[in-house]
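Asker: Okay, so TrEMBL annotates it like this:
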TRANSMEM  B:58-79  transmembrane segment
TRANSMEM  B:86-108  transmembrane segment
TRANSMEM  B:114-135  transmembrane segment
TRANSMEM  B:147-166  transmembrane segment
TRANSMEM  B:194-212  transmembrane segment
TRANSMEM  B:240-268  transmembrane segment
TRANSMEM  B:306-324  transmembrane segment
Amino acid sequence: MSRSSAPRLFALLLLLVLPLLAARPQRVVSQAVGTDELLLALADPGQIAALSHIGRDGRFSVVADEAKRFPSLKDSDAESVLRFRPDLVLAASFTRPETLALLRRAGVRLVVLDRFDTLEDVYASLRILGRELGQQARAEALIASCRGRVEALAARLKGVRPVRVLTAGAYPFTSGAGTTFQDFCDHAGALNVAAEAGLKGHAPTPSEKLLTWNPEVLVVSGDRPDGADIRARLAEIPHYRALAAFRAGRFAVIPGALMSSVSHHRIDAYERLARALHPERFR
Amino acid sequence: MKSRLALPALLALLVLAFLASLAFGELRLSFGQVLGALTGGGDEIARTVVRDFRLPRALVGAAAGAALGASGVVMQAFFRNPLASPGLLGVSSGGALGAVAVLALAPATGLAAATLWALPLASILGAFAATGAVLMLAQRGAGTERLLLSGVALNALLGAGTSFLLTTTAGHFEVNAQILFWLMGGLESRSWEHVWMGVPAILGACLLLLPLGRPMDLLSLGEQSAQSLGVDVRRLRRQLILLSTVLTALATAVGGIIGFVGLVVPHVLRLAFGPDHRRLLPYSMIGGAAFLLACDLVTRTFPLGMRLGVVTALIGGPFFLWLLRRPR
């Protein structure tokens, strides 16, 4: 290669690559906690213009600390989003429909992720996002590492007897089939007694029938690792008090933000739950 | 209906509603199982369901219903207005705000977790603060009209406070769900603690109220007439406000805001047995208890999640409209 042709080649390469770089969105705004978690995993920091307003709240967000490094929306409404002049907005199907309509009308590129129930759903979302951000390779690498963790966990739990569990909250709601919690159970060697009894989605805990379900362990979301706070509150509810698992103090505590996480971070919840239910497999 | 039959008939209704509350629920239990559970026999699940779930719930429901029924009679007599109800002076909204404040601040204070009594106590405190505020606001002038208007304004203010707290807890699903309990009333998860904190005091306030039936009759002739017939009107009004506040506050503390019982029950009984307060008071206590138990039975036997306040309003709402449309 001659000395004079090098800058020319560089210029040519630049001309070829520039449109690709420009096509990558550079001002992405994420409107929901779930999309914050996915976005932070895939985007270059420079691509992120703002994250959701509760993304930096540790009670709801697994990535709260990381999110604090970025600007955050003041609210979840369209105006707060548009203030950042985004070239891509990420929202979730549970975002208020009025907000979505306003964003669509404003003409910004809007990606609405709508599947959150299983890990396969998360992988699908990661792929969509990878494409949108121009970060396909990163998305595939993350998916591969997630699959690796899930397989390793499955190998550890091979042949265990599923432990009968119930999610218990201070207000009597529980999670049945088709919920994130069911997904946790499917991966952590647990049997969700609410789903077994035919409960679908999130539903009020039946107080009397609960006694016949016979859960061995109560899975609670709590901000204290020993779950003392949540235990005190459950003690106020007669139908929990009557359960053998409650009386014997058999609890598995999952941090609240993880319990409600709809991103790949849920694998942490699988691992924690599995560790709590089958400690002998983790020695 | 002749009033001689009224008391036995109402008592029979109450007993029936109470027994039905023990007999019916999510789990199908035979009559024998229920009876066995009450007398200490039977299997453990039936015993727990009947003695620890259904019995306290029925007792709390009956007491709250009686409190609201009696309080409704008092309010209607006090204001000489058929549309008055226990929540009128902001007592229930104050009670709800008290409980909701504890809930909303719970993540910061840990208060709700500290004691089962925190919520009901905050509710009672809120209810009394609301009544105190209304009385202070209305003291100069002291007319019932002023009291009424102060109550309406305070109700709006307290409602706004509750709504504000509700918005600050948005995203905290569990706290929101608990706030709904206070706003729409309910008897689920009531335990023996709720029985002890509510039932004896409600019973006591009801007993104190009973002898005031006669002076209430005189008050319904007008304040001056009552005064001339020897009633200490100022004292009577103080007693009535205090007792109805206690009753409404306690009912709210153990069951959240339950609308329409205090409005509907006294009216039905007045239509059936006449306006004599000496009878209307006990009848409304018993009738209120039976009505609330029946409504709670509906929430329990219908799909899960039906709220007590919704049921009482669904029955009370149309009745209220009918009352408004009825030619006087």
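Backbone N, Cα and C atoms are what each Cβ position is placed from, and that goes for glycine too.
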Asker: If contact means at least 3 Cβ pairs within less than 8 Å, sequence distance 6 or more, would you call the transmembrane segment (B:58-79) and the transmembrane segment (B:306-324) in contact?
Answerer: no
Asker: Counting CB pairs under 8 Å, which listed stretch among B:86-108, B:147-166, B:240-268, B:306-324 touches the transmembrane segment (B:194-212) the most?
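Answerer: It is B:240-268, which has the most Cβ pairs under 8 Å.
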Asker: What else in the chain is close to the transmembrane segment (B:114-135), if you only count residues 6 or more beyond its ends and a Cβ gap under 8 Å?
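Answerer: 89-99, 101-103, 147, 150-151, 154, 158, 182, 191, 193-194, 197-198, 241, 245, 248-250, 252-254.
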